[in-house]
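S.K.: TrEMBL lists these features:
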type: COMPBIAS; residues: 167-178; note: compositional bias 'Basic and acidic residues'
type: DOMAIN; residues: 1-102; note: domain 'V-type proton ATPase subunit S1 luminal'
type: DOMAIN; residues: 117-154; note: domain 'V-type proton ATPase subunit S1/VOA1 transmembrane'
type: REGION; residues: 165-184; note: region 'Disordered'
type: TRANSMEM; residues: 122-145; note: transmembrane segment
Amino acid sequence: LSLKFGDIGNLKGLVIRLLLTTSSYQLSVQSWFSLHRLQLLYNHSLQASFNATGIRAPAAYSFHCEHVSSLHRYDALLVPSSADDLSHLWEVTFIDFQIQGFNVQEGHFAYARDCASFLSPAILMGLVMSLVLLLVLAYALHMLIHLKSLDRHYESKASPGYFAQMKDSDMGDEKEPLRNSGNESYELRNQQFGKIYI
């Protein structure tokens with residue numbers, strides 16, 4: 001498949017040649033086409049040649065990719081075929097690239113097989129965030145399961161006050177009158193039970 005730019009200024013002699021191949025796989029019931037190589041020709045002279053990687057689709061489908069490029073920031077699906085030629089001097093990028101090698105009907109592309117992987121950065125971030133949320137939920141459930149009632153907690157911690165009963169005969173020895181403004185008050189002198197004012 002050759003793309004010629006025609007009479008567009010300095011691009012008049014530039015031709016982009018796409019070499020397509022078909023192949024059959026044992027595990028697949030249908031044949032596949034793939035872009036084998038991309039060549040850049042200028043005035044019928046080969047300037048650069050790139051091997052294409054991962055650009056394939058079933059023969060009845062088309063192939064679509066947002067970027068097909070020789071640049072690493074676009075995953076570099078085009079790799080220079082040789083280090084000796086001038087391919088490393090060229091930067092090739094196709095935007096919204098779609099190709100169909102065979103079985104083209106009425107000039108329209110067939111259903112497209114997209115190059116987007118199942119683990120794109122957005123999908124990976126979604127999986128990581130889901131994992132973090134699941135961990136937070138598991139921790140919250142763990143804390144709720146092991147939460148104890150406050151009433152039971154205080155019932156086990158609190159103990160009833162203990163006051164020893166005193167005989168009436170001991171009361172006279174233990175209490176000492178306090179001088180106060182007209183009211184009769186006594187102070188218990190026994191330090192075992194602390195000071196209690198009556």
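Cβ atoms are placed via backbone N, Cα and C, with glycine included.
Map these features onto the structure and tell me what's around them.
M.R.: When pLDDT values are averaged over the domain 'V-type proton ATPase subunit S1 luminal' (1-102), the model yields 83.
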S.K.: With DSSP helix as H/G/I and strand as E/B, how many residues of the domain 'V-type proton ATPase subunit S1 luminal' (1-102) fall in helix, strand and coil?
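M.R.: Going by DSSP assignments, the domain 'V-type proton ATPase subunit S1 luminal' (1-102) contains 9 helix, 55 strand, 38 coil.
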